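A.B. asks: OK, Swiss-Prot features for this one:
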type     : residues                   : note
ACT_SITE : His63                      : active site
ACT_SITE : Asp105                     : active site
BINDING  : Tyr43, Gly45, Gly47, Asp64 : Ca(2+) binding site
DISULFID : Cys42-Cys131               : disulfide bond
DISULFID : Cys44-Cys60                : disulfide bond
DISULFID : Cys59-Cys111               : disulfide bond
DISULFID : Cys65-Cys138               : disulfide bond
DISULFID : Cys66-Cys104               : disulfide bond
DISULFID : Cys73-Cys97                : disulfide bond
DISULFID : Cys91-Cys102               : disulfide bond
SIGNAL   : 1-16                       : signal peptide
Amino acid sequence: MRTLWIMAVLLVGVKGHLMQFENMIKKVTGRSGIWWYGSYGCYCGKGGEGRPQDPSDRCCFVHDCCYGKVTGCDPKDDFYIYSSENGDIVCGDDDLCKKEVCECDKAAAICFRDNMDTYQNKYWFYPASNCKEESEPC
């Protein structure tokens with residue numbers, strides 16, 4: 001029952017393209033992005049401050065920085081077009097901004113895959129109060 005409640009809480013804030021990001025993470029890693037990265041470390045999930053706690057958390061930090069550089073659309077709400085070709089994610093959209101968002105998500109999904117062995121359960125639902133160190137620049 002507790003697991004169902006946690007999943008419901010994590011899904012409440014998911015909008016627009018964030019479900020595309022979830023699907024992309026699942027395709028690349030075989031893991032649910034919401035479950036594994038929805039509230040992890042200092043940067044995975046809503047918000048982000050302090051220093052990334054490990055390489056998996058750094059994937060989220062870099063993803064947040066990538067979103068911060070996107071202009072002309074809303075990275076969390078706007079849908080983009082992508083496909084999977086020979087196991088690779090291919091971002092294809094006539095809208096440059098949406099393509100950039102897709103590329104941010106693709107890079108994060110690949111980063112999660114490449115750092116799966118660094119994932120530490122102690123950073124799952126990590127308290128924000130532990131994320132007070134000075135943040136590094138993007």
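Glycine residues also receive a Cβ, built from the backbone N, Cα and C atoms like all the rest.
Help me see these features in their spatial surroundings.
C.D. replies: Annotation for His63 (active site): same-chain Cβ neighbours under 8 Å, separated by at least 6 residues, are Tyr43, Cys104, Asp105, Ala107, Ala108, Cys111.
In the structure as shown, the Cβ atom of Asp105 (active site) sits within 10 Å of 28 other Cβ atoms.
The DSSP secondary structure for Tyr43 (Ca(2+) binding site) is coil.
Around Cys42 (disulfide bond), taking its Cβ as the centre, 26 other Cβ atoms fall within 10 Å, counting all chains.
Cys60 (disulfide bond): 22 other CB atoms within 10 A of its CB, across all protein chains. Under DSSP, Cys60 (disulfide bond) is assigned to a helix (H, G or I) in the three-state scheme.
Packing around Cys59 (disulfide bond) is summarised by its Cβ count: 26 other Cβ atoms lie within 10 angstroms of its Cβ, all protein chains included.
When secondary structure is read from DSSP and collapsed to three states, Cys138 (disulfide bond) falls in the coil class.
The DSSP secondary structure for Cys104 (disulfide bond) is helix.
Long-range Cβ neighbours of Cys97 (disulfide bond) (same chain, at least 6 residues apart, Cβ-Cβ under 8 Å): Val70, Thr71, Gly72, Cys73, Asp78.
Sequence-distant neighbours of Cys102 (disulfide bond): residues of the same chain at least 6 apart with a C-beta under 8 Å from its C-beta are Tyr80, Ile81, Tyr82, Cys91, Asp93.
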A.B. asks: If you count the other Cβ atoms within 10 Å of each Cβ, which of the binding-site residues Gly45, Gly47 comes out on top?
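C.D. replies: In terms of Cβ crowding, the pick is Gly45.
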A.B. asks: Considering only the recorded positions Cys44, Gly45, Cys66, Cys131, which residue has the minimal Cα-Cα separation from Cys59 (disulfide bond)?
C.D. replies: Cys44
A.B. asks: Using the CB centroid of Tyr43, Gly45, Gly47, Asp64 as the Ca(2+) site centre, which other residues of the same chain sit with their CB within 8 A?
C.D. replies: Cys42, Cys44, Lys46, Gly48, Glu49, Cys60, Phe61
A.B. asks: Cα-Cα, whole number of Å: Cys131 (disulfide bond) versus Gly47 (Ca(2+) binding site)?
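C.D. replies: On Cα coordinates alone, these residues lie 11 Å apart.
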